[in-house]
């Protein structure tokens, strides 16, 4: 419980994009957004290595790969525009980089929603020391 409180305090100062991504996750999963995924498995959260532990972790692997294709802005810091229309996430930027970041986040949020049945609490706050297998290529 103490660790969850520390993560919550750390996220309180987060502005822009990460709160937007968390909002998308919340809408698609009904969970606490980023808090549910911040240190999940080998790929959710900062960094990422090894083999994705389940379909939920694979969503994060694909998200990391998507961020790797974004050029012209920092995916983790850029603020984009989006809306929810009839339950769908709609990215609304004209700027190609901001639209690409939004699309990466949109696809990941949908993936989390579609794979909620694979979410396993044993992968919450997962140690990267358990992620020593050779990493897959994007």
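Cβ atoms here come from the backbone N, Cα and C positions, even for glycine.
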Practice item. For the Ca(2+) site that Swiss-Prot lists with 43, 45, 47, give the additional residue from the candidates 54, 64. Key: 64
Practice item. Look at the binding-site residues 45, 47 and tell me which residue has the greatest number of other C-beta atoms within 10 angstroms of its C-beta. Key: 45
Review point. Just counting, how many other CB atoms are there within 10 A of the CB of residue 138 (disulfide bond)?
Key: 11
